[in-house]
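Pulled from Swiss-Prot:
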BINDING   LEU32, ARG33, GLY74, LYS77, THR78, THR79, GLU140, ASP141, PHE142, ARG183, TYR193, ARG230  ATP binding site
BINDING   THR78  Mg(2+) binding site
BINDING   ARG322, ARG327  DNA binding site
REGION    1-26  region 'Disordered'
REGION    4-193  region 'Large ATPase domain (RuvB-L)'
REGION    194-264  region 'Small ATPAse domain (RuvB-S)'
REGION    267-352  region 'Head domain (RuvB-H)'
Amino acid sequence: MIETDKLRAAAPERLISPQPADRQEDAVERALRPKRLAEYVGQAKIREQLEIFIHAAKKRSEALDHVLLFGPPGLGKTTLAHIVAAEMGVNLRQTSGPVLERAGDLAALLTNLEPHDVLFIDEIHRLSPVVEEILYPALEDFQIDIMIGEGPAARSVKLDLPPFTLVGATTRAGMLTNPLRDRFGIVSRLEFYTPDELGFIVSRSARLLNVEIDDDGALEIARRARGTPRIANRLLRRVRDYAEVKAGGHITRAVADAALRMLDVDSLGLDLMDRKMLSAMLEKFGGGPVGLDNLAAAIGESTDTIEDVIEPYLIQQGYLQRTPRGRMATHSIWQHFGLAPPRPGGTDLFGG
């Protein structure tokens, strides 16, 4: 099973990775994070739904129903969890699935919640089965059963919990068990952002960072950010560095383009690793089909890195196909590299 920490290790220096790079980047993200739904850009349908559900829960003086947020990394699941707590006017307690190793870890969190508080569990698909078992009655009945004592003297004690809201986030909704998934009343999938939406996010972040940027400059960064706010904000900070040294601190479209070309991020948001693999497919294997092991050997990367770090975005964008015979480049990527795709059926012996 490929998890977040493994993905970070596989590509620690990729500028266009949707995973947070380090604690310093986490701190910057927190500073740039919108605090209210009114400030949140994109995900219009989810935003509207949450606004209605939160307003209704507050009107009835109830805890919001449990919320499951899923989708690719870097799209704002953690941000939405913080916004839910802020809009409800309650505290947020944050943890992650791998941290909750024992039932007692979860019990300690739950028993310290105030009424209507939000408990946010990131990577909730990584909860251990024993912790999940404790969570089920907590979500349904706001009660937990804990064992006191050991051996023959051990006894089960039922503890009442204040009504609370669990917000779970995952990049792998399919790995959630059915009983856990069924206990969420609100289930929302986050989608990739449009360039226009990311342009607004880049402009807002630039204001918070005191960076001068034109609308065209913001859009140029947005177009190369792979539909992901985390990547857009990271690119903005690197373009800011370039602009301060080379352009008097002002980001125009030309400055953004020059900075991103220097950083090896092209007009499709592909970086050196992406282009290395795609060019090998086109030039060494005629566009495929090519087996994963051959492709890994050709570019000097592991098969895990190709499958879990490089491929997902290329497949999602339609630049690469997985077939029973191997990987194949699509027509659009031949065009991007300025090459003519081979004609079906091979060479015409009669020149027709």
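Numbering starts at 1 and runs along the chain as it is shown here.
A Cβ is built for glycine as well, from the same backbone N, Cα and C atoms used for every other residue.
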**Study point:** Helix, strand or coil at TYR193 (ATP binding site) [DSSP, three-state]
**Key:** coil
Practice item. Take the region 'Small ATPAse domain (RuvB-S)' (194-264) and average the pLDDT across it for me. Key: 93
Review point. Which has the fewest other CB atoms in a 10 Å radius around its CB: LEU32, GLY74, THR78, GLU140, PHE142, the listed binding-site residues?
Key: GLU140
Revision key, fill the gap. Counting other C-beta atoms within 10 angstroms, the emptiest spot among the binding-site residues ARG322, ARG327 is ARG322
Check your understanding: Could you give the number of helix, strand and coil residues in the region 'Head domain (RuvB-H)' (267-352) as assigned by DSSP?
Key -> 42 helix, 9 strand, 35 coil
Practice item. Going by Cα-Cα distance, pick out whichever of the binding-site residues LEU32, GLY74, THR78, GLU140, PHE142 is nearest to ARG322 (DNA binding site). Key: GLY74
Revision key, fill the gap. Rounding to whole Å, the Cα atoms of GLY74 (ATP binding site) and ARG327 (DNA binding site) are apart by 26
